[in-house]
């Protein structure tokens, strides 16, 4: 076996390859793209927005039960990209951690602490042989009492960070470069601008004009810090506004 080849090293999650890589963790990042979806999160002046594609794989499915947006606490929501079952498991764990925090300390968990906690748990999955990393990426949004709107993302390796805008999924690279250009020009977006930037980003990189039933939008604003998912009618209003501007 040549030293450069990866044979034998991707069997075990806890073994470094000679190049110093953990192959199983790298494969987990590839698994995020298995779902074939892309998600985008953008932070505005007084709001944070998450947008993701909504694909109903089967004509017989009830489309109202297909979602990638989850409410973790009253004020924190997330978008999950990647393997659906892993995503649900991570959301369940996040809800447990948030409830536990509230019980212990008597106040709601801040977004960054929740993201840190989930990232810490993911990191343990990369260390133990009997566990497998989750093939999903979580982007959290919420309004912090001191910092204002927050967007946090954590990945299967246990890395987490706050963002002005970020993306996950198949077209992550394209979305990121689109958002970088947008953020460079201007950053203090109003609520409408934030939602529309996120939708434009998604429709540009995927080069499709969305119908309201094909995307999901989750928002938190400073005026109304409760996480809520926009209805199709509200999404339609934003899409119409975008179409008129073009």
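A Cβ is built for glycine as well, from the same backbone N, Cα and C atoms used for every other residue.
The N6-acetyllysine entry in Swiss-Prot, when matched to the candidates 30, 104, 116, 164, corresponds to 104.
When the residues 6, 39, 64 are compared with Swiss-Prot, the one annotated as phosphoserine is 64. Noted from Swiss-Prot: of 63, 177, the annotation phosphoserine belongs to 63. The candidates are 45, 102; Swiss-Prot tags 102 with the feature N6-acetyllysine. Just so you know, of the modified residues 17, 63, 64, the Cβ with the fewest other Cβ atoms around it within 10 Å is the one at 64. Most buried of the modified residues 102, 104, judged by other Cβ atoms within 10 Å, is 102.
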